[in-house]
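Database features, via TrEMBL:
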| type | residues | note |
| --- | --- | --- |
| DOMAIN | A:20-103 | domain 'Nucleoside transporter/FeoB GTPase Gate' |
| TRANSMEM | A:14-35 | transmembrane segment |
| TRANSMEM | A:61-83 | transmembrane segment |
| TRANSMEM | A:95-114 | transmembrane segment |
| TRANSMEM | A:126-144 | transmembrane segment |
Amino acid sequence: MDISATLLQGAQNAFYQVGKMALILIPIIVFLEILRDLHIVQQGSRLFAPLMRIFRLPGEAAVPIVVGLVFGILYGAGVLIQAGKDGSLNAKEMTVIGLFLSLNHAIIEDPLLFTMIGADYLLLQALRLVASVVITALFAMWLLPPLSVPVREVAQSNS
Amino acid sequence: MNPTEMNASRPTVIDQPSVSKDTFVRGFSKGLKTLWLMSKFMFPLIILVTVLGKTPWLAMLGNAFAPILALIGLPGEASVGILLGMATNLYAAIGAVAPLNMTVKQATIFGFFLLISHGLLIEGAITKNFGAPAWKLTGLRLLTSFLFAFLLNVLWPS
């Protein structure tokens with residue numbers, strides 16, 4: 001094995017990945033700032049709030065989840081880190097979203113790759129969705145307080 | 001309740017929705033900070049993973065793991081693909097099993113397993129930002145992969 005050629009290839013890979021990330025991540029974050037200033041994110045996340053209840057999460061959690069599902073874990077993580085810094089999500093909520101995104105992300109691109117070796121695309125993604133929702137919901141039941149009491153108040157009264 | 005009623009019942013928003021130059025500057029600088037945070041983890045790991053893929057170590061490990069894969073209905077030869085996929089990425093995994101001519105069932109189980117658990121080194125580094133230790137989330141991914149792949153193998157008539 002030619003070590004220097006391999007290292008060079010690794011560095012090229014890394015530059016390529018970071019460059020690709022910059023091209024997608026920065027426009028997404030700028031786009032999200034625009035959505036936020038137009039108050040669209042707050043309105044839009046209401047649509048997903050009922051779904052987030054499955055994971056005992058507030059409606060705001062829908063934003064990193066939707067970004068991660070469509071664009072991949074890296075971009076979902078970028079939005080999630082931002083939400084953590086803004087204080088709109090706490091550490092435990094981030095962990096639950098992080099688990100869901102770990103299990104299920106890039107739902108358009110990734111399953112398509114496996115059709116090349118003869119896998120069933122719809123079955124793959126449907127099964128992945130079921131598995132990730134079941135495991136994340138169970139994890140949330142263990143980690144987060146029930147939603148009947150507003151999550152934010154519980155977090156404050158405990159601290 | 002129709003949208004008009006909802007708007008009427010909502011208090012007036014003092015902070016009017018508006019986009020200015022500040023929006024773009026803020027977004028761009030937040031984007032750059034996040035990019036920097038992630039590059040610090042990703043850059044050295046991508047180099048490490050590329051080097052690892054060139055060594056015979058992954059193939060040697062594959063032979064050792066073959067009996068475990070029989071539990072989820074995969075042929076022993078697929079273990080190299082599974083390990084490559086878990087350590088590096090889906091492209092490497094698919095490249096490794098493409099010559100095997102697996103059945104639809106085998107290919108779907110293989111695909112499902114790796115869709116849940118892939119790129120564990122790089123994505124594990126990303127999950128460090130998720131508030132829990134990376135090994136916990138990675139462990140849950142592997143558990144989910146095994147559990148549901150096992151169920152799929154048992155329930156799918158061959």
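One is the number of the first residue shown, and numbering goes on along the chain from there.
Each Cβ is built from the backbone N, Cα and C atoms, and glycine gets one as well.
Whatever TrEMBL says is automated annotation, not expert-curated.
Same-chain residues lying 6 or more positions outside the transmembrane segment (A:95-114) and placing a CB less than 8 Å from one of its CB atoms are 55-57, 61, 64-65, 68-73, 76-77, 80, 89, 121, 124-125, 128-129, 131-133, 135-136, 139-140, 143-144. For the transmembrane segment (A:61-83), the list of distant contacts is 21, 24-25, 28-29, 32, 41, 44-45, 47-49, 51-52, 55, 89, 93-94, 96-98, 100-102, 104-109: same-chain residues at least six beyond its ends, Cβ to Cβ under 8 Å. Secondary structure of the domain 'Nucleoside transporter/FeoB GTPase Gate' (A:20-103) per DSSP (helix as H, G, I; strand as E, B; remaining residues coil): 74 helix, 0 strand, 10 coil.
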